[in-house]
Amino acid sequence: MLTKREELFGGTPDEYLSHKEKYENSTRKAVILFSLLRKIQEENNTDLTNYRNLLSGVLGASISQDGSPFGLHYIMFMPVFMSQADEEQQERWLHRALNCSIIGSYAQTELGHGTFIRGLETTATYDPSTQEFVLHSPTLTSYKWWPGGLGNTANYCIVIAQLYSKGECHGIHSFIVQVRDEDTHMPLPGIKVGEIGVKMGLNAVNNGFIGFENVRIPRTNMLMKHAKILEDGTYVKSKNSKLIYGAMVFVRVVIVFDSVNYLAKAITVATRYSAVRRQSQLKEGEPERQILDYVTQQDKILTAIAGCFAMKMNARMLWDTFNVINDQLHKGNMERLGELHALACCLKAISTSDSSLFTARCRVSCGGHGYMVSSTLPATSALTTASCTYEGDNTVLLLQTARFLLKTWRQIDTGPLTPTVEYLKTVSAPGFSYKWENSIEGIIRGFQIVSMKKISSCLNLMTAKVMSGMSQADAWNTISIQLVSAGESHCRAIVISTFHEDMSKAMRSMSASLAEVMGQLVELYAVYWTLERLGDLLEYTSISGADVVKLRSWYEELLRKIRPNAVGLVDAFDIIDELLQSTLGAYDGRVYERLMEEALKSPLNAEPVNQSFHKYLKPFMQGKL
Ligand SMILES: CC/C=C\C/C=C\C/C=C\C/C=C\CC/C=C/C(=O)SCCNC(=O)CCNC(=O)[C@H](O)C(C)(C)COP(=O)(O)OP(=O)(O)OC[C@H]1O[C@@H](n2cnc3c(N)ncnc32)[C@H](O)[C@@H]1OP(=O)(O)O
Ligand SMILES: Cc1cc2nc3c(=O)[nH]c(=O)nc-3n(C[C@H](O)[C@H](O)[C@H](O)COP(=O)(O)OP(=O)(O)OC[C@H]3O[C@@H](n4cnc5c(N)ncnc54)[C@H](O)[C@@H]3O)c2cc1C
C-alpha cells in the first residue's frame, strides 16, 4: 500500500510520460492533493484573506512543475465569483466551488484577443421573452483560447462576453456557464470544447478552447454584483465599469507572491549546487574550488537571492495595499482604484520579469546539469517566462502604470497625492535639492528622481507632439518605449524603498548577526540595480564617475560578505525536496548520485539494445537502406 507521499511523488517521472499520460497523472495527483486542501478550507470561513492563504497553499503545493488542472479553479474561478457574483449567486454556486463538487475555469482570452479585452468577440445577447442570454462565438477568432483546466477538467467556466440587450452593446461582462454534464462530463449542446495542445511548459494546466453555438443560459447566470440586466432587458450600470477587471488585480497580486516562490526554488537549486560543484583551480596546485567562490558566480546568484527577499517584502506591501483599497471599494470609495491598478500592474510586470531573468541566470549558472529536466531549472524557467504573459502582458501592464503616472503628474499641483506616488511631489518641490551620495537613502532618492524626470519628460514629449499636430494616440505610441521605462523606474523606486523600509523594521527584532546579513541583502539589491541603471542615473542625477568606482567596490565587498551565508539564506526558504524536485538542489547534496539515479529511470535504459538498432541502424550501417 503506497503512502500519500509515494502516491504523490512516486511513479514514472513526468518527463517520460506522453502528453495525455501527463495530464491523467496530474489529475490523479491533483485529486489527492485537493482532497487534503478541501479539509483545510472546510475548517476555515473562506474569505479573500483566508482565501489567499489557501491559494498560496494550492500554488505552493502545485507539486508538478507543470502546474495543475485545478489551478484556475482556485486562481481565478473562485476569486472572480467572490468579487463579481451577487449574494444570491454566491449562495447558489460558491459552496459547490469551494468543496470542488464543481470545477471551474476562467474564459476571457480568445484566439484573436488577449490584451485588448474591449475587443473580445464572444457575445451574450439577452432574450427577454425567455429571460435568457444567448452565448455565441461568431468567428473562429472569437473562440476562447487558453483557459486553464478547460480542456478536459472543468465542467463550468466564467465567460467574458460582450453583453447585448435591446439592440445595444454594453461592453464586456462575466457569465457563469456550465460546459459539461455534471454526471457524464460530456460537452453540453452547442459547445465545442477541447485542449489547445503542448506548450513550452505548464503542460498539466490543461489549457483549453471553447466555442458557443447559440448556447442559452438563464439571465441569473450573469454575475450581477456590479452591473445588472433586469428581467425586461433593462441594463443597470456598475458604479465603475472597471470593477469587472477587479479579479485581474487580485490575481496580479497573487502572481507577485508566486514569482517569489518560483525564484526561491531556482536559487535554492543554483546555490546548493554551486556549493557542491567544484570546478577549476583558482591557484595552480590548489584543490578545485566550489564554483560559488567565483565572484562571477556570486554576481549571478547572490543578486537573485537579494531580489527574492526584496520581492517577497513588496508582495506583502502590495497585498496590504490591496486589502486597504479593496475595503474602500466595497464601501463605494473608488478614489484609489486607479492607484491600485497601476501598482498591481507594475509590480506584476517587474516581479515576473525579474523572476524570469534571475531564473534563467540560475539555469546557466549550473552549466550542463542545469540543462537537465531533472534539475527542475528548465521547467522553472518555462514557468517564469509564462508569468510575463498571463494575467496581462508585462509591456501592456507597464503602459497602464505609465498612464496612471502621467495622469498623476498632470494633477501634481492640485492637491495631496496617494501614498505610492507622493514621492513625486517631494522630489519636484520648489527648493528641493539633491546631491548623489553612495548610500541606501541616496540610491532611493536617485531612483525617485529618475522616475519623476522620466514621467515629466514623457508628458512634455506628448504635449509637444500633440501641439505639432500629432494625434494623442500616435504621440502615445511614438514615445511608448519611454513610457514603459518610466513605469519600470517608478516600480524600481518603490521596490527598493519598500525593501529598505520594511527590512529595517524587521531587523529591529532580529539578532545582530541576522540583521547584519539582511542589511547586506538590502544594500546588494540597491547597489546592483544602481549599476544596472547607471545610464538613467547619469542622465538625471549628479552621480559621478568617482561615485561609480566606489559603487563597484561596494558591490564586490557585499558579494564577499554574503558568500558565507548563501546556503543558509536559501535553506531558510525551507523548500522540501519533494517540492523542489531537483537532482541538483536536494538537501543532502548527493548531486551526482541523483543525476545517475534519474538517468536510469529513462525508458531508454530499460534494455541494453533498443529496437531501432535492428530496425534502422544495422541495415543502414550495412548499406542495406
Ligand atoms: C497558468 C498557470 C496556472 C497555474 C500555475 C500555478 C501558479 C501560477 C499562479 C498564478 C497564475 C495566474 C494566472 C494564470 C492564469 C491566467 C489567466 C489569465 O491570463 S486571465 C486573462 C488576463 N488578461 C489580461 O490581463 C488582459 C490585459 N488587458 C487589460 O487588462 C485591459 O485590456 C487593459 C488594461 C490593457 C486596457 O483596458 P481598457 O479598458 O482598454 O483600458 P484603457 O487603457 O482604455 O483605459 C484604462 C482605464 O481603465 C482603468 N483600468 C484598466 N484595467 C483596470 C483594472 N484591472 N482595474 C482597475 N482599473 C483598470 C485604467 O486605470 C484606466 O483608467 P483611467 O481612464 O486612466 O482613469
Ligand atoms: C500559461 C498561460 C496561461 C493562461 N491562462 C489563461 C486563462 O486561464 N484564461 C484566460 O482568459 N487567458 C489565459 N491566458 C492568456 C493570457 O491572458 C494572454 O496570453 C495575455 O493576456 C496576452 O494576450 P495575447 O496572448 O493575446 O498577446 P497579445 O496581446 O497579442 O501581445 C502580443 C504582443 O503585442 C504587444 N501588445 C499588445 N497590445 C499592445 C498595446 N496596446 N501596446 C503595446 N504593445 C501591445 C504585447 O506587448 C506583446 O509583445 C494564459 C496565457 C498563458 C501563457
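Just so you know, glycine gets a Cβ as well, placed from its N, Cα and C.
Note that the structure is a prediction, hence the values are computed from the model and not measured.
Record features, source TrEMBL:
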- 6-103: domain 'Acyl-coenzyme A oxidase N-terminal' (DOMAIN)
- THR109, GLY148: FAD binding site (BINDING)
- 245-406: domain 'Acyl-CoA oxidase C-alpha1' (DOMAIN)
- GLU391: active site, proton acceptor (ACT_SITE)
- 440-622: domain 'Acyl-CoA oxidase C-terminal' (DOMAIN)
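Over all protein chains present, the Cβ of GLY148 (FAD binding site) has 28 other Cβ atoms lying within 10 Å.
Across the residues of the domain 'Acyl-CoA oxidase C-alpha1' (245-406), the predicted structure has a mean pLDDT of 95. Residues within less than 8 Å, Cβ to Cβ, of GLU391 (active site, proton acceptor) and separated from it by at least 6 positions along the same chain comprise MET248, VAL251, ARG252, ILE255, LYS348.
For THR109 (FAD binding site), the same-chain residues that are 6 or more apart in sequence and have a Cβ closer than 8 Å to its Cβ are LYS144, TRP145, TRP146, PRO147. Reduced to three states, the DSSP call for THR109 (FAD binding site) is coil.
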